[in-house]
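Inspection log for the structure reproduced underneath, given as structure tokens.
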Amino acid sequence: MGILDKVSSPADLKGLDADQLEQLAAEIREFLIQKVSATGGHLGPNLGVVELTIAMHRVFDSPSDPLIFDTGHQSYVHKILTGRRDLFDTLRQKDGLSGYPDRAESPHDWTESSHASASLSYADGLAKAFELTGQVHRHVVALVGDGALTGGMTWEALNNIAAAKNRSLVVVVNDNGRSYSPTIGGLAENLAALRLQPMYDRVMDTGKNALGRMGWVGDRAFQVIHGLKEGVKHTVIPHEMFPELGLKYIGPVDGHDLKQVENALRYAKDYGGPVIVHTVTQKGKGFDPAEQDEADQMHSTGVIDPITGESMAKKTEGAISWTKVFSNHLIDIANDREDIVAITAAMAGPTGLADFAKVHPSRTYDVGIAEQHAVTSAAGLALGGLHPVVAVYSTFLNRAFDQLLMDVALLKLGVTLVLDRAGITGSDGASHNGMWDLSITGIVPGIHVAAPRDARTLELALDRAVAVDDAPTVVRFPKGDAPAGIPAVREEDDYDVLFEQSGDKSEGRVLIVSFGALSKQALGAAQALCDANFSATVVDPHWVVPTADSLLEFARGFDLIVTIEDNGVHGGAGSRLHYDLSQAGIDVPVRNLGVPQEFLAHGSRGEVLEDLGLDAETVARTVVGYAEKL
């Protein structure tokens, strides 16, 4: 029996000696490699925080002392140590273990969101609450890093944390130089410089001792050298970052040396005020394929071989992902248009811009985990005569809504937002679903929003989007492979007709308006209507927003209109169409199918859609049921 088999709670860590702790760390890494290889998940980040997490649980008393994990994907080791080891075979699967902290799973989990840079604000609020309620014996610890320090919210929180000199709060910086890919920007350079600081300090300590033996001459010499040293130091470390914020700074500490980390954390715990513990770690540590993966050190994987790290996913011959279709076509557009530039928020690989950057490196900008800055920076590029394309996950656009509204739309600027992972993403859970973008973008004045149904219409949508130079445009698509071509039986100026057929008895004319990726469900429902003797037509609008006048007029002659979307049904595309029909005086009953107004549990995309009644069979049955009530 290994050490890990004996650990079911943080209390089991307290009595382990140094050798046992080292063995435990090795066993946890092997456990992670075996389990995450079989299920997929965030392997690289968790291999890098094994010792950090063990030390945090040994020094602090969770759950009495909240441990907050920024971005959440660094929490696997925390889950292992808090009694959830036996659930890892179900990681990110329906009704299984969440890939992020989950308050329903354990009292040790204080937060749930997978969005970066929020942990310090949570921690600040918790520390204030403990102070106000007389629970000053409780400590709050936030593990931040893996790129989250590039987010502005982190620095807003640090500014507030530093103002309370006697409030106990420990910020552990996991400095692995990465988010998905290598962390960029001045902050990353400063953290790298801070790693050098002990070298300067050791050299100066040695010099001071040697010169001190020379009496007053030596003292004067040291003062001169010290002045030179400070000048050099401040060149390498321009603002000393954390100390100049008024925060006690400890480090850098080897994040894989348990003794060093524990000593630093114990000092921070007893300090009596806010403390930064700067640790240096290696993402993917202990798994050679991850360590050698220059792109992202296996930040997130599917099912892989636990020895070689090679993907074990079955590939459909000829299949191409939505992301790849976008990437390839944006390169083609940029080859013809020198004004096209691309922006990513620390996710060049996942959003398809890594390939674009290889072809057009000078026209690609990675701003770090800073979606708000990305959108307003894009506005500046547009003001300068360029057409920026900002590629982000749909869920992360939520953070930049004000910038889209006030910095882009108000100025009538031509900026294109490409929203990957729109709709239901599945295994990453509630905070990764892109089920709000049609609702929030749809209220922006002047905006154009497209939801293509397949690879060809994605290319056409992107062409239309970058042709607009006086308003923001949005192109959204889901996770996964783009379906094989879904042809139109007739193409109109503003919409495509995908299906047009009368039932034998034509008991009623039903129009199905399909917004984007659920077109196959719409077509299945149309065939079911015909089988039930109804007349059915399916249309796919070129623009979800604004609603084309020609589509409204086309809809006038039907007995029932049904809309289908993978967005929140409240305030979504269907409800917008319903409103526009009403305003046009078109009095046709409308039924909207979409995602309910609730946070969704994780599972595969197909499983979640089925639970929501948005699978092909249920959609067909529901639509026929609507028609039968005419």
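Glycine is treated like the rest: Cβ placed from N, Cα and C.
Taken from Swiss-Prot, the feature thiamine diphosphate binding site covers His73, Ser114, His115, Ala116, Gly147, Ala148, Asn176, Phe287, Glu371. If you look up Swiss-Prot, you'll see Asp146, Asn176 marked as Mg(2+) binding site, on the strength of sequence analysis.
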Using DSSP with the three-state reduction, classify Glu371 (thiamine diphosphate binding site) as helix, strand or coil. helix
At a 10 Å cut-off from the C-beta of Gly147 (thiamine diphosphate binding site), count the other C-beta atoms across all protein chains. 30
Please find, for His73, Ser114, His115, Ala116, Gly147, Ala148, Asn176, Phe287, Glu371 as listed binding thiamine diphosphate, the greatest distance between any two Cα atoms, in Å. 31
Give me the count of other Cβ atoms within 10 A of the Cβ belonging to His115 (thiamine diphosphate binding site). 21
Including all protein chains shown, what's the count of other C-beta atoms within 10 A of the C-beta of Glu371 (thiamine diphosphate binding site)? 29
Determine the Cβ neighbour count for Asn176 (thiamine diphosphate binding site): the number of other Cβ atoms within 10 Å of its Cβ. 26
